Amino acid sequence: MTQTLPTPRGSLTPNRTLADLTWLRVGGPADWLFQPADEADLAAFLAALDPAIPVFPMGVGSNLIVRDGGIRGVVIRLGRGFNAIACEGGTVTAGAAALDAHVARRAAEAGLDLTFLRTIPGSIGGAVRMNAGCYGTYVADHLVSVRAVARDGSLHEIAAADLRFGYRHSDLPEGWVVIEARFRAEPGDPAELAARMEEQLARRDASQPTKDRSAGSTFRNPAGYSSTGRADDSHELKAWTLIDAAGLRGHRLGGAQMSEKHPNFLLNAGGATAAELEALGELVRRKVRETSGHELKWEVIRVGRP
């Protein structure tokens, strides 16, 4: 990338490999990696950046495959200036870089129930963008509003209703960067909330490959059977049962593998490339389609050049 970019107060690194910033440890470099110092730095940089240059907001890489050819343009990764957590009254305000688990714990200490966030990997910005959820509770159930910086550097406050949440979906425009989210939370006893989170962690560890290198659930549950908080919240059919029925539990392609413990988890079992991970995922989709007629949709975000 040869364009001249604005000079920020934060860090701007050319040709920065991204593999070490993703949970799967795969992927090529970003043309540029921008880590803004604070909100004003982010807004000024985007306002001055050539509109033709693409931007990709990246969280902690917990639900992401960066392809081996890397990402064009500027990857934006928020850090310390965006991880504050404040609890006041019945609300919790969290910076987009705050980890979901940290927000859940801080809220519980303040006697506020956001326990559903405890077992969700990743940070608040990504959780808002994809309406993350666990055990039948979703970001959409608690979100009041978000603050975000648009691609042109303008600052916006968006009510939760305007994000039009669906299953693993929000209408947040491409290139907009969430910087803060405000949640409503019911009161609860801190000790009881802490105990509930410990139970959730034990339940997760018993059923998911939490010690392996994965990006969480690979595929969405089939439409009409997925938990959305609406009438179709039936939980009668899960992606993992379709993968298992297709005989793909533990299936391997190069260094990529579908987990033996939970077949909807795609693993880097050792030395995998992004191409191998994506190819195994597509093989799973094809086999499930052939054996069940269901079309699995990726939940893991795949981005970049092959």
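Just so you know, glycine gets a Cβ as well, placed from its N, Cα and C.
Per Swiss-Prot, the features are:
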- Arg168: active site (ACT_SITE)
- Ser217: active site, proton donor (ACT_SITE)
- Glu299: active site (ACT_SITE)
- 199-214: compositional bias 'Basic and acidic residues' (COMPBIAS)
- 215-229: compositional bias 'Polar residues' (COMPBIAS)
- 25-188: domain 'FAD-binding PCMH-type' (DOMAIN)
- 199-232: region 'Disordered' (REGION)
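Here the features listed in Swiss-Prot are placed on the structure.
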residue	record	Cβ neighbours (10 Å)
Arg168	active site	21
Ser217	active site, proton donor	20
Glu299	active site	18
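Helix, strand and coil residue tallies for the compositional bias 'Basic and acidic residues' (199-214), in that order: 9 helix, 1 strand, 6 coil [DSSP].
A strand conformation is recorded for the residue listed as 'active site, proton donor' in the three-state DSSP classification. With respect to their backbone Cα atoms, Arg168 (active site) and Glu299 (active site) stand 8 Å from each other. A distance of 7 Å separates the Cα atom of Ser217 (active site, proton donor) from that of Glu299 (active site).
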